[in-house]
Amino acid sequence: MQKYISEARLLLALAIPVILAQIAQTAMGFVDTVMAGGYSATDMAAVAIGTSIWLPAILFGHGLLLALTPVIAQLNGSGRRERIAHQVRQGFWLAGFVSVLIMLVLWNAGYIIRSMENIDPALAEKAVGYLRALLWGAPGYLFFQVARNQCEGLAKTKPGMVMGFIGLLVNIPVNYIFIYGHFGMPELGGVGCGVATAAVYWVMFLAMVSYIKRARSMRDIRNEKGTAKPDPAVMKRLIQLGLPIALALFFEVTLFAVVALLVSPLGIVDVAGHQIALNFSSLMFVLPMSLAAAVTIRVGYRLGQGSTLDAQTAARTGLMVGVCMATLTAIFTVSLREQIALLYNDNPEVVTLAAHLMLLAAVYQISDSIQVIGSGILRGYKDTRSIFYITFTAYWVLGLPSGYILALTDLVVEPMGPAGFWIGFIIGLTSAAIMMMLRMRFLQRMPSAIILQRASR
């Protein structure tokens, strides 16, 4: 029992800074929305439309680079720190190549925006302008993620938290300058949010690089000599590990976007209630997601040390802590669902629907916690391909079709509206949790030699 308590302390010490970093990131998006809304409703809508295209694109790159964390954790645990610098350098090359592709996609996103049904031309132009300003931040964001993954792979999660809050503090005044046109800068409105956010990502990257250069604990990595040219073999391996994660993230983000589109014809009350419940459940999701990042680090480190039993302990502890957290957040959600809905909107119909949907959100929080921490465990074992297959099957083969049938057809019951999609979420997330656990048990029952061989690839 003592080993689980000790492991839980280590996991929480790693996870809490990640939680705070994620809160800072979420707050940046909130600040952009509020400040753009303060300028005009059109500008706020433009930022919202632009963000809906930016997020899937940049999260694809983010997911691809998540492969670095278990690689570095495993090298650190095995005492092969001399190989870390080369992996990080290849991570920067990969981030550079991917950012060029993302920038090309975002530059041409105007075709998508202008093809939207009945979109106001002025709104479309502002959304395109916002994206074309924001896309210059894509390299800065991805380079920052490489540096952050280096630190987190070495079990140092506090730098990412600090840089997140630096970014938030810089974002507010820079937004003010470019939205309203102060200190000689042009008045750009919502487009100014894109300029500010792009600048903030570069500031966060440069601040993280400055920290790494000064950190004594990384001196041996920083001083590593060798070529900085692209290494096709290393980059291929990072892509093999990262691409399934990137696709899984992409499918998850697009799932919720598709559901939002399917809910939109049902009316303002249904859309508002759905959005409130989704926004709140996304905030609660920060907890298991951060714990999953910590579990990846611990499992990778233990496998690097050659201890499959300690890796199992880290995995089981992460799941136990995650279920406890999810139980508490579910109780909190059920108990205060109406008060929470009132924070977003005071329309009685919207509040009633949102409170009902939050009951369903509370049901799936435990499944959601298990599946996301399970994904973190599999990343630690470098078994990322299964994450993609599980996510695709659970969300797109089971969750979305069942939600669609329940919400919009009478094949099973009378059309349930948004609640049908939320039952679909429960089906999808529960299926993902079950499949993640089955895959984890399959891996852990392998002979130790095979587990360690797979982890050292």
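The backbone N, Cα and C atoms fix where each Cβ goes, and this holds for glycine too.
Listed in Swiss-Prot for this protein:
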TRANSMEM  11-31  transmembrane segment
TRANSMEM  53-73  transmembrane segment
TRANSMEM  93-113  transmembrane segment
TRANSMEM  127-147  transmembrane segment
TRANSMEM  160-180  transmembrane segment
TRANSMEM  189-209  transmembrane segment
TRANSMEM  243-263  transmembrane segment
TRANSMEM  276-296  transmembrane segment
TRANSMEM  314-334  transmembrane segment
TRANSMEM  350-370  transmembrane segment
TRANSMEM  387-407  transmembrane segment
TRANSMEM  418-438  transmembrane segment
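At the 8 Å Cβ threshold, with sequence separation of at least 6, the transmembrane segment (276-296) comes into contact with the transmembrane segment (350-370) through 3 or more pairs. Contact between the transmembrane segment (189-209) and the transmembrane segment (127-147) holds: at least three of their C-beta pairs are under 8 Å, each pair 6 or more apart in sequence. Among the stretches 53-73, 93-113, 314-334, 418-438, the one making the largest number of Cβ pairs under 8 Å with the transmembrane segment (243-263) is 53-73. Counted over residue pairs separated by six or more positions, the transmembrane segment (350-370) shares fewer than 3 Cβ pairs under 8 angstroms with the transmembrane segment (53-73), which leaves the two as not touching.
Within the chain, the transmembrane segment (53-73) has long-range Cβ neighbours (under 8 A, six or more residues past its boundaries) at 84, 87-88, 91, 94-95, 98-99, 102, 105-106, 109, 112-113, 131, 134, 138, 141-142, 145-146, 149-150, 152-155, 238-239, 241-243, 245-250, 253-254, 257, 293, 296-301, 304, 379-382, 384.
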